[in-house]
Each structure stands twice: as structure tokens, then as C-alpha cells.
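A short write-up of the structure that comes next.
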Amino acid sequence: MANLVWKSFKGIPLYVTLIWIAVFSLLLHFLDKSVLSFLGILSSIVLLYFTNTSNKIKLAIGALVLIVIIPLVAGENRYYMEVASQVGIYVAMALGLNIVVGFAGLLDLGYVAFFAAGAYAYAIFSTSQANEFIAGNLFPLTGDWFWPFLIVGLIVAAIFGILLGLPVLRVKGDYLAIVTLGFGEIIRIVFNNLDKPINITNGPQGITPIPAPELFGLKMGTPFYFYFIVLFVIAFIVLANIRFEHSRLGRAWIAVREDELAAQSMGISLLNTKLAAFATGASFAGVVGVIFAAKQTFIDPTSFTLMESIGILVMVILGGSGSIPGVILGAAFVTLLQVQLLKEFSNFLHSLQQSGIINLPNQLDPSKFQRLVFGIMLIFVALYRPNGLIPAKRKTNDLGAIKSSPFSSGKLGILSKLSQSSSTKQS
Amino acid sequence: MLLSILPQVLVDGLTLGFMYAVVALGYTMVYGILEFINFAHGEIFMVGAFVGTEVLLITDAIGGLEGMNPYVALLMTLVITMILTGALGVGIERLAYRPLRGAPRLVPLISAIGVSFLLQDIVRFAEAIARNEFYLNTPVLFTGTVSVFGIATIPIKGLVVIVLAIVLMIALTLFIGKTKWGIAMRAVAQDPSTASLMTINVDKVIMLTFLIGSSLGGATGVLFAQNYGTIDPYIGFILGMKAFTAAVLGGIGNLRGAMVGGVLLGMLESLAGAYMGPLTNQAFGAEYKDVFAFSILILVLLFKPEGLFGEAVKEKV
């Protein structure tokens, strides 16, 4: 019965979604500090995904919400824009990891290394740090250089991806997971200690002040601007993901994921295909790393720990590995959970503590629940929903449709041609 | 000067290496039977360290530790810890791994990563509630040192680690080699479906594997706490990674390999920690010793994935 209801469910009617958006934007506009209505607006994107209407209308409404409504009603509030751009950064990273884990099936536990590569690329050259090892006092660069460095970050991370991938991709499956984990840690330790013999990364002290992006003299240092930068990058990454998914390379990734041996025997070069996945995923992380560095204005190796890699992996797996809408949902959900819900909850508990109702040891502060939450999510997803919240749709070839198509005369492929030629000969 | 510290470096490496070896046994046993990397094994080691420390702290608090023979105290701690961590391992297998048997290979690994993080935070919570801090100092049972041929000194606690590790390894080897259950385990490792046709209860054997592996891991935790004094909920990750490296180095699935690999890795790491700094003129010092261990893992996987003692496996279609 429940199954029947689910099957006849065609999606949420359009007017429900529109009312939802209108109500929450008005709420957010009039109640300045309403976290709930902010979450309501963000979740309208999910609602939109399940709305029963054509993709073009969905896209138009989605763009309207993200580009116009959110900045309009929440733009003045620094905190909301900060949260929104943070969500965006993780969405972009998760989409990059989705190529590696979701499409190509390579469990990468050291993904944050590429993020670090991008972040350090911008940080080192945009501050006076680069003077330590490049003669001539050419640095720091101005914020105008942020834009070219988006490309530089992409290239640096892609090169990192290929260099790491070359040795690492020879091992497979669960070994690959451990080796990438090892490499992720190695890179973090190296960045942490590369203040000698030559001071490149300034070691544990980190690098600061990283300049904000500038465009024609306009300093874009506030979360408001970063929101748009991130949005632009996400649009690019989503587009790339969609284009890759059904391309020759994308189909090769999926073939490798499903069965390496079979893929190989169909003429797919394993190493090249995997390297391409590694480099593509890495390059997206690199771009995001540049944005991250500019947004934080300070970076040090503690931003690039294993926890970050696991966090991004949780986003991909929770959302549905290989599914683009799923990964976006997963990333948004996990980030909001971390930066907003847990923090709100811990503020709430703190207020209770201050009024003397409960006594809370510092270690039980919910904002430190990260590992617990990630752990439970990973176990539950693995046990009960291995395909994630929005599972990837599998493109299937309908054999019946092919057979009945005018191009097929009963037999498929080369056989149909053979039978055609033989029948023409007979006549 | 460099050579004069060599014996001491080797002795330290030996202590470390035996700890790696015992933890590596847990990885290798599970891998040998399920072909699955039990990512949470390092965390079981960590839980063992905490359980052992708590047992000692509680005994001390009620005044039981005073006047008790330190060897008896250690034995009591070990037994309690091994029972508890063994049960923990079996429980994890039952709840988080068994439902996933037959799933694609990466799914149980993801579940194991989840278990690992969960355990870290659970221990942190428990300690935060009980003691309001999560760094614990273990009561010291053994003080004093023994001289080794007059060229190096080894603390008694280090000697205890080595002796106990050897005892545990011999016991395990005898168990696997001589007993009925040991034979059943080897049969399941070779071919689970045939073994089950030979009236071997595969589920029970897998449970037993987790029981033994986890209790060994827990016992190592106790030894670690004794040897280093301070523990925190995050010690399991790095030690687990290194023990896994040791298992791979010796040939994963191979018990003897895990023992040799562990000792070898401990020695190499100790040497690297002591000599990398002086040899590279302090450019790359002891802070890179974890990098060194990970590099060994990567190198072994690349060039000799079957390890020192393992057999090369041809992939079947």
C-alpha cells in the first residue's frame, strides 16, 4: 500500500514550493534573526528538486532563489551569508570528490590534500611568504590576482592529483583508501614542517594576511561577495559534473567502478581513466581551496586534517555517491548540521548551564560532537541506505525500445546489418 | 656519537615493534578470513588502553594497588581488559559488519570508519563525564631499568611489553596451529563455503576471530599505557595505521608476517626518528617519522603488495 502511494507520487505541486519560498523569505525579511526561516529558504532548493514541474522552470526558480532572493533577504546579515558561502564551499568540494568516489569508485580518504594545495598556492604567493624563497621582493600580490589564481589553484591541484595518483592508483579497493589516507597525512605533516630548511609554508604558524579578492578596485572581502563567487564556482562544477557524467570519460569511470577487469577488456585504459578522475576531482578542490584561503584570510595545517576528508566523504556517501543532486543535499545538510544546528544546540545548552539548570562538562559541548555525528551517519548509511538519500539514477537501455525502433529489424547491432545485407542479396 | 646511541635506539625500536606486532595480528587475522580491513581495530586498542587505565585507577582509588604485586596487578588488568575489548570487537562485528557481508567491498569499510570515529567520541564522552578530562595518566606499575650488556638500558616496563607480546604471540600460534578451533579458522580463511560444508560454523569462527583479535588489541592498549604513561582517545588512529602497515609489510593475512613486520617497522621507525635529523643536517628531523612509516606502507603496496611472507594472489575472473 505504502509502495503504491509512493509510486503514484509525482512530486510536490509547484504552488506548494512557491508558497514555501514566499513564506520563508518574508519571515526572514521581517524576523531578522530567525535561523529557522533561513534554513527554510535553503531547504526550498530540496523541495524544488522534488517539485512536479519541468526542469527549465525548476532551474529558473532555483536560480531566482539563489541569486536574487537569498542575497536580498539575508544579504545584510553577515552571519547568514557566511553560513551560505560555507555551505557552498563544501558543496563544491563534495561535488569534486563525487567524481572520484561516486563516478570512478575510488575511495579517496586524503582528498583534503588537494584542497590544501590550492589554498597554499594562493596563500603563499599573495602574501609576503613567497619572498622567503623567491628573490626580488616581488610579493605580496594584490587581490586582483585572486582571479588568475583560481586557475593556478586548479592546475596546481590537478598536478598534485596526477603526481599522487601515479603511484597510488596501482593499488585498488580498500588498499587505495588506506594509501590515500596515508598520503593525506603525509601532505599535512609536510606542510606543517616545511618552515625549514626553506621556509615555504611557514609551518604551524600558518600564513596571514591573505588578501581578499578585488575586482576593478572593489574589495570583495565580505561573505556577501564570497557567496556569489562560490555560487559561480558551484555552477561551473555542477555543469562539469553533468557534462562528465554522460561523456565518454564519464562512462569509462562508471565502467571502471563497476568492474575493472571487464572495463579493461573493453579497451579502457585503467590507469589513464583513474588518473583523469583523480586529477579532475583534485582540480575542483584546488579552486575551492583558493576561495577558502581568501575567505579565511589565514590558513594553517590544522584546516586540512583527516577529519575534513572524512567530513567530505560523509557528505558524498550520505547524499548518494554518484548522484549530483544527492551530493549537493548531503553537503548542505552536513555543513548546516556542523556550523548551525550543533552550534545552536550548544548555545542553548550553555544558556541552560548559565542559568544553573544543568551542569555540562566542557568536553560534552555539542559543537564537539563532530566525530560522533559523522560516525553514526557513516554506519547508518552503510547499513540502511548504501545508495544515499537521493540515489544515483541509472541510465538503462530499454531493449524493447531498441528492438521496435525503425533502425532495428529484429536483430541488434551488427547482426541487424548482416541480416539486412543477406536479405537484399536474396532479392 | 651517532653509533654510540645505536643500541639504545634498537632497544626502543624493539619495544615499539612488539606493540605494532600484536596489534597487526588483529588486522591480519580479520583480513585473512574476511578480506576486509577492520579500520576500527586501532580504536579497539585505544579502548583497551582506557579500560586498563581505568581498572588501575579504580583499584588504586579503593586502595587495592598498594601492596599488590605489580605483576599480579598487570595480569588482573590484562584479563579484565581482554575480556571487555574482546566482547566489544564481537559486538562491533555483529552490529556493524555482519549485516554487510556480501555487500560491495567498500561498504563495510565505510561502516568501519564510522565505528572508528564513534568509538573515539564515546570514549571521550565517557571520560569527560567521569573525570572531566580525556587525557589520562596511567598509574605506573614498574619502575627501574635493566642494563643490556652495559651498552643500552631498557626500562622494566619495556621488558614487560616485549615478554608479554612474545607470550601472546606464542599462545596465538599454538591456538591456531593445534586446537580444533584454530584448524576451523584456517579452513574458513582458505575457503569459507567449503568450510561451511564441512560442518564448520563460519559465523562462529568469524566471531572468534574478532574476539581474539580485539582482545589482543586491547591487551596491547594496556601495555602501551604502561609504557608511555599518558593516553588520549586519538592514540588509536596513528598506531592502528602503523600496525596495519606492519601487517602489509609482513604480508597481510599471514600471522608470522605480521609479527616480523611489526618488529621490523618499529626498528625502522626508531632508527629514522633518531638518525634522520643528524643525517640531513636537521632539515628533516624526527617530526617526519610518521611520514616515514606511511612511505613504507606505500612503497610496499606498490612494489611488493604481497609483503615479505605473503603469497602473490592472481586475480580471478
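Heads up, the Cβ atoms here are built off N, Cα and C, so glycines get one too.
Note that the coordinates shown come from a computational prediction; the quantities given were computed from them, not determined experimentally.
What TrEMBL says about this one:
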TRANSMEM  B:16-37  transmembrane segment
TRANSMEM  B:44-65  transmembrane segment
TRANSMEM  B:71-92  transmembrane segment
TRANSMEM  B:134-152  transmembrane segment
TRANSMEM  B:158-176  transmembrane segment
TRANSMEM  B:205-228  transmembrane segment
TRANSMEM  B:234-252  transmembrane segment
TRANSMEM  B:259-279  transmembrane segment
TRANSMEM  B:291-309  transmembrane segment
**Asked** Counting Cβ pairs under 8 Å that are 6 or more apart in sequence, does the total for the transmembrane segment (B:134-152) and the transmembrane segment (B:16-37) reach three or more?
**Response** no
**Request:** Please check if the transmembrane segment (B:259-279) comes into contact with the transmembrane segment (B:16-37), where contact means 3 or more CB pairs closer than 8 Å and the residues in each pair are separated by 6 or more positions.
**Result:** yes
**Top partner of the transmembrane segment (B:71-92) among B:158-176, B:205-228, B:291-309 - counted as Cβ pairs under 8 Å** = B:205-228
**Complete:** Tertiary contacts of the transmembrane segment (B:234-252), defined by C-beta under 8 angstroms and 6+ residue spacing from its ends, are 17, 19-21, 23-28, 31-32, 37, 39, 41-47, 49, 116, 119-120, 224, 258-262, 264-266, 269, 290, 293-294, 296-297, 300-301, 305-311
**Asked** Between the transmembrane segment (B:158-176) and the transmembrane segment (B:16-37), are there three or more C-beta pairs closer than 8 Å, counting only pairs 6 or more apart along the chain?
**Response** yes
**Same-chain residue ranges lying at least 6 outside the transmembrane segment (B:44-65) that approach it to Cβ under 8 Å** = 23, 26, 73, 76-78, 80-82, 84-85, 88-89, 92, 119-120, 123, 127, 136, 138-139, 141, 214, 217-222, 224-226, 231, 233-236, 239-240, 243
